[in-house]
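Enquirer: Quick one: the structure is below, and I'll ask about it shortly.
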(Lines of atoms letter the chains of each structure in order from A; the text may use other names.)
(Lines give C-alpha, C1' and ligand atoms only; values in the text may rest on other atoms or scores of the structure.)
Protein backbone atom coordinates (compact mmCIF):
# COMPACT_ATOMS: atom_id res chain seq x y z
CA UNK A 1 0.00 0.00 0.00
CA UNK A 2 1.40 3.39 -1.06
CA UNK A 3 1.12 6.33 1.34
CA UNK A 4 -0.03 8.55 -1.52
CA UNK A 5 -3.05 6.30 -2.00
CA UNK A 6 -4.33 6.88 1.52
CA UNK A 7 -6.78 9.35 2.98
CA UNK A 8 -7.95 9.63 6.58
CA UNK A 9 -11.17 7.83 5.67
CA UNK A 10 -9.19 4.95 4.18
CA UNK A 11 -6.86 5.03 7.18
CA UNK A 12 -9.81 4.12 9.42
CA UNK A 13 -10.18 0.86 7.47
CA UNK A 14 -6.51 0.04 6.94
CA UNK A 15 -5.11 0.86 10.40
CA UNK A 16 -6.49 -2.42 11.76
CA UNK A 17 -4.17 -4.65 9.73
CA UNK A 18 -1.64 -2.29 8.13
CA UNK A 19 -0.90 -0.02 11.08
CA UNK A 20 2.71 0.87 10.25
CA UNK A 21 1.83 2.16 6.79
CA UNK A 22 -1.15 4.10 8.16
CA UNK A 23 0.80 5.72 10.98
CA UNK A 24 3.55 6.74 8.55
CA UNK A 25 0.86 8.39 6.44
CA UNK A 26 -0.71 10.11 9.48
CA UNK A 27 2.68 11.47 10.51
CA UNK A 28 3.28 13.17 7.17
CA UNK A 29 -0.29 14.10 6.25
CA UNK A 30 -1.49 17.46 7.50
CA UNK A 31 -5.07 16.19 7.61
CA UNK A 32 -7.17 16.12 10.77
CA UNK A 33 -10.34 14.77 9.18
CA UNK A 34 -12.23 12.48 11.59
CA UNK A 35 -9.83 13.27 14.47
CA UNK A 36 -12.34 15.28 16.53
CA UNK A 37 -15.04 12.64 16.03
CA UNK A 38 -12.63 9.87 17.09
CA UNK A 39 -11.58 11.84 20.19
CA UNK A 40 -15.22 12.38 21.20
CA UNK A 41 -16.14 8.72 20.67
CA UNK A 42 -13.01 7.59 22.55
CA UNK A 43 -14.01 9.82 25.47
CA UNK A 44 -17.52 8.34 25.50
CA UNK A 45 -16.21 4.77 25.34
CA UNK A 46 -13.76 5.36 28.19
CA UNK A 47 -16.54 6.99 30.24
CA UNK A 48 -18.68 3.86 29.93
CA UNK A 49 -15.68 1.69 30.87
CA UNK A 50 -15.22 3.76 34.03
CA UNK A 51 -18.95 3.53 34.78
CA UNK A 52 -18.69 -0.27 34.73
CA UNK A 53 -15.45 -0.43 36.75
CA UNK A 54 -16.69 2.08 39.35
CA UNK A 55 -20.09 0.37 39.75
CA UNK A 56 -21.92 3.57 38.85
CA UNK A 57 -25.19 1.62 38.71
CA UNK A 58 -25.15 1.40 42.51
CA UNK A 59 -25.63 5.17 42.66
CA UNK A 60 -27.36 6.18 39.42
CA UNK A 61 -30.15 4.89 37.22
CA UNK A 62 -29.56 3.63 33.68
CA UNK A 63 -30.82 6.80 32.00
CA UNK A 64 -28.59 8.94 34.21
CA UNK A 65 -25.56 6.76 33.44
CA UNK A 66 -26.20 6.99 29.71
CA UNK A 67 -26.47 10.78 29.89
CA UNK A 68 -23.44 11.27 32.16
CA UNK A 69 -21.18 8.99 30.10
CA UNK A 70 -22.29 10.33 26.73
CA UNK A 71 -22.20 14.03 27.58
CA UNK A 72 -19.28 13.88 30.04
CA UNK A 73 -17.20 11.65 27.77
CA UNK A 74 -17.86 13.83 24.74
CA UNK A 75 -17.05 17.07 26.57
CA UNK A 76 -14.03 16.01 28.62
CA UNK A 77 -12.74 12.66 27.32
CA UNK A 78 -10.63 14.25 24.60
CA UNK A 79 -8.59 16.01 27.30
CA UNK A 80 -7.05 12.66 28.28
CA UNK A 81 -5.68 12.18 24.76
CA UNK A 82 -4.15 15.66 24.67
CA UNK A 83 -2.56 15.29 28.12
CA UNK A 84 -1.24 11.84 27.23
CA UNK A 85 0.07 13.19 23.92
CA UNK A 86 1.97 16.00 25.65
CA UNK A 87 3.45 13.54 28.14
CA UNK A 88 4.49 11.16 25.35
CA UNK A 89 6.36 14.00 23.64
CA UNK A 90 8.09 14.87 26.93
CA UNK A 91 9.06 11.35 28.01
CA UNK A 92 10.05 10.54 24.42
CA UNK A 93 12.92 13.00 24.75
CA UNK A 94 14.40 10.76 27.44
CA UNK A 95 14.51 7.97 24.86
CA UNK A 96 15.89 10.23 22.10
CA UNK A 97 12.63 10.04 20.15
CA UNK A 98 11.93 12.17 17.11
CA UNK A 99 10.07 15.31 18.18
CA UNK A 100 6.71 15.90 16.50
CA UNK A 101 4.07 18.56 17.11
CA UNK A 102 1.20 17.84 19.47
CA UNK A 103 -1.39 17.69 16.68
CA UNK A 104 0.54 14.89 14.96
CA UNK A 105 0.72 13.00 18.24
CA UNK A 106 -2.99 13.47 18.93
CA UNK A 107 -3.85 12.38 15.38
CA UNK A 108 -1.86 9.18 15.89
CA UNK A 109 -3.53 8.47 19.24
CA UNK A 110 -7.01 9.15 17.85
CA UNK A 111 -6.55 6.49 15.17
CA UNK A 112 -4.86 4.09 17.61
CA UNK A 113 -8.01 4.27 19.73
CA UNK A 114 -10.25 2.94 16.94
CA UNK A 115 -10.71 -0.48 18.65
CA UNK A 116 -11.81 1.38 21.80
CA UNK A 117 -14.32 3.32 19.70
CA UNK A 118 -15.52 0.09 18.08
CA UNK A 119 -16.18 -1.41 21.52
CA UNK A 120 -19.06 1.06 21.91
CA UNK A 121 -21.08 -1.09 19.51
CA UNK A 122 -20.71 -4.04 21.90
CA UNK A 123 -22.30 -2.02 24.69
CA UNK A 124 -25.64 -2.00 22.84
CA UNK A 125 -26.41 -5.75 23.12
CA UNK A 126 -25.06 -5.77 26.68
CA UNK A 127 -27.52 -3.07 27.74
CA UNK A 128 -30.37 -4.72 25.80
CA UNK A 129 -29.75 -8.03 27.59
CA UNK A 130 -28.91 -6.92 31.14
CA UNK A 131 -29.57 -3.18 31.21
CA UNK A 132 -28.74 -1.49 34.50
CA UNK A 133 -27.19 -4.66 35.94
CA UNK A 134 -23.93 -4.33 33.98
CA UNK A 135 -23.13 -1.15 35.91
CA UNK A 136 -23.69 -2.66 39.39
CA UNK A 137 -21.13 -4.23 41.72
CA UNK A 138 -23.37 -7.26 42.30
CA UNK A 139 -25.34 -7.09 39.08
CA UNK A 140 -27.23 -10.21 38.05
CA UNK A 141 -25.50 -11.25 34.83
CA UNK A 142 -26.51 -14.91 34.72
CA UNK A 143 -30.30 -15.07 34.41
CA UNK A 144 -30.69 -14.02 30.78
CA UNK A 145 -30.93 -17.53 29.37
CA UNK A 146 -28.40 -19.55 27.38
CA UNK A 147 -28.75 -17.62 24.11
CA UNK A 148 -28.62 -14.18 25.73
CA UNK A 149 -25.68 -15.19 27.92
CA UNK A 150 -23.82 -16.52 24.88
CA UNK A 151 -24.24 -13.17 23.15
CA UNK A 152 -23.41 -11.18 26.30
CA UNK A 153 -20.21 -13.01 27.20
CA UNK A 154 -19.11 -13.12 23.56
CA UNK A 155 -19.23 -9.31 23.55
CA UNK A 156 -17.26 -9.23 26.80
CA UNK A 157 -14.54 -11.42 25.24
CA UNK A 158 -14.59 -9.24 22.12
CA UNK A 159 -14.10 -6.15 24.31
CA UNK A 160 -10.98 -7.70 25.81
CA UNK A 161 -9.67 -8.42 22.32
CA UNK A 162 -10.34 -4.86 21.19
CA UNK A 163 -8.59 -3.55 24.30
CA UNK A 164 -5.51 -5.60 23.46
CA UNK A 165 -5.62 -4.36 19.86
CA UNK A 166 -5.78 -0.76 21.09
CA UNK A 167 -2.56 -1.34 23.03
CA UNK A 168 -0.89 -2.90 19.98
CA UNK A 169 -1.92 -0.01 17.72
CA UNK A 170 -0.72 2.51 20.30
CA UNK A 171 2.71 0.84 20.48
CA UNK A 172 2.99 0.75 16.69
CA UNK A 173 1.79 4.35 16.46
CA UNK A 174 4.35 5.57 18.98
CA UNK A 175 7.08 3.56 17.25
CA UNK A 176 6.33 5.06 13.83
CA UNK A 177 5.51 8.60 14.94
CA UNK A 178 8.46 9.02 17.31
CA UNK A 179 10.78 6.70 15.35
CA UNK A 180 11.44 4.38 18.27
CA UNK A 181 12.08 0.66 18.40
CA UNK A 182 9.18 -1.50 19.55
CA UNK A 183 10.79 -1.94 22.98
CA UNK A 184 11.29 1.79 23.46
CA UNK A 185 7.78 2.46 22.18
CA UNK A 186 6.36 0.14 24.85
CA UNK A 187 8.48 1.89 27.46
CA UNK A 188 7.35 5.32 26.31
CA UNK A 189 3.72 4.18 26.39
CA UNK A 190 4.17 3.33 30.07
CA UNK A 191 6.35 6.28 31.15
CA UNK A 192 3.57 8.93 31.16
CA UNK A 193 1.57 6.76 33.57
CA UNK A 194 4.60 6.39 35.85
CA UNK A 195 5.30 10.13 35.68
CA UNK A 196 1.85 10.77 37.12
CA UNK A 197 1.49 7.79 39.46
CA UNK A 198 4.91 7.70 41.16
CA UNK A 199 4.67 11.23 42.66
CA UNK A 200 1.07 10.58 43.75
CA UNK A 201 2.07 7.33 45.47
CA UNK A 202 5.06 9.05 47.12
CA UNK A 203 2.84 11.86 48.42
CA UNK A 204 0.28 9.36 49.70
CA UNK A 205 3.01 7.42 51.53
CA UNK A 206 4.37 10.61 53.10
CA UNK A 207 0.93 11.65 54.26
CA UNK A 208 0.23 8.21 55.74
CA UNK A 209 3.66 8.19 57.44
CA UNK A 210 3.25 11.53 59.19
CA UNK A 211 -0.48 11.43 59.86
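Each residue, glycine too, has its Cβ placed from N, Cα and C.
As the structure is a computational prediction, the values presented were derived from the model and not from experiment.
Under the heading domain 'Yip1', TrEMBL lists 14-203. Look at TrEMBL and you will find 65-87, 108-130, 150-174, 186-207 tagged as transmembrane segment.
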Enquirer: Check for me, if you would, whether the transmembrane segment (65-87) reaches the transmembrane segment (150-174) - at least 3 Cβ pairs under 8 Å, residues 6 or more apart in sequence.
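Expert: They do not touch: fewer than three Cβ pairs between the two stretches lie under 8 Å.
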Enquirer: What same-chain residues lie close to the transmembrane segment (108-130): Cβ under 8 Å, and 6 or more beyond its ends?
Expert: 11-12, 15-16, 22-23, 26-27, 34-35, 38-39, 41-42, 44-46, 48, 62, 81, 84-85, 139-141, 144, 148, 151-152, 155-156, 158-159, 162-163, 165-166, 169-170, 172-174, 176-177
Enquirer: Same chain, outside the transmembrane segment (150-174) by at least 6, Cβ under 8 Å from its Cβ: which residues?
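Expert: Residues 15-16, 19-20, 23, 26, 88, 92, 108-109, 111-116, 118-119, 122, 125-126, 129-130, 141, 144, 180, 182, 185-186, 188-189 contact the transmembrane segment (150-174) from elsewhere in the chain.
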